[in-house]
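Pulled from Swiss-Prot, these are the features on record:
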| type | residues | note |
| --- | --- | --- |
| BINDING | 166-173, 191-195, 212-215, 279-282, 307-309 | GTP binding site |
| BINDING | 173, 193 | Mg(2+) binding site |
| DOMAIN | 1-159 | domain 'Obg' |
| DOMAIN | 160-326 | domain 'OBG-type G' |
């Protein structure tokens, strides 16, 4: 399935049906009086989070969504039928933005969440509504209210527990394939991964989700390479796993390149808990490994070592990540359970 994380959508709710001007016509009833019914309400436009989606690709093929108009009222006090609603189905993690792409309307994080993005117009009153003591036979009715037209943007930020970062060919996809059922494309050339991949990882009976983000390069924040387009997908993560290619000639420079791009991106991304791992240690001579370990340890602090191919040190890395994820989940639960303090 192709990946799309940004879509522009034009929506319109249904207009209300017009009221009816009608009079009761029956045998032997000379002055039947007004009996025009009200118009039906226009359909609403909803956005709903559903299970099983992880892309906005459906909105590439259809960008216009119109709810149905309400039916007009009829004689014999019959109200018109309401217009059918329309529902836009999106994956969890979708942000709904105004046309300026900056004003946030809603952040939809959980399956089942549903918001009304455009309310249908009200139906107009029939002439029965305008009958009074001084006007026994009104010949007026209200037209239905117009629907709402608006343009919105849908922006997907994948919901994962851990974000996987590194330069191209750092071994991110190999790590994801070795630890989960995900099958990302793996090859010996840069930018093998062009879109984010998700994988469910299990360790010691616990599971969490890792997002493999396409490789960053120096200047990504300025649009070089694939740019920093996909960094938004790790903003929701509890922790980041930064893989450094152990076979690189300058492991310190590679590490600092990614850190600089995180800081250039802005927000709280650079402040997130981060685990740094020297990858591909099975392809390095012991003496060279010791030198690179010492050099990288000076700038990265606590450094872990692993090999996605040989699976050396992988379990240890997963356990550290799991501890970070568990701590984040516990903090989220505690925040929900904490009662509001009583204030006089």
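Every residue, even glycine, has its Cβ placed from backbone N, Cα and C.
The structure, with features from Swiss-Prot marked on it.
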{"residue": "166", "record": "GTP binding site", "DSSP class": "coil"}
{"residue": "172", "record": "GTP binding site", "DSSP class": "helix"}
{"residue": "214", "record": "GTP binding site", "DSSP class": "coil"}
{"residue": "280", "record": "GTP binding site", "DSSP class": "coil"}
{"residue": "307", "record": "GTP binding site", "DSSP class": "strand"}
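Neighbour counts were taken as the number of other C-beta atoms within 10 angstroms of each residue's C-beta; across the binding-site residues 172, 280, the minimum falls on 280. In this model, the domain 'Obg' (1-159) carries an average pLDDT of 91.
All protein chains considered, the CB of residue 166 (GTP binding site) has 25 other CB atoms within 10 Å.
In sequence order, 279, 280, 281, 282, 283, 313, 314 make up the list of same-chain residues 6 or more apart from residue 307 (GTP binding site) whose Cβ falls under 8 Å from its Cβ. When Cβ neighbours within 10 Å are tallied across all protein chains shown, the highest count among the binding-site residues 169, 173 belongs to 173.
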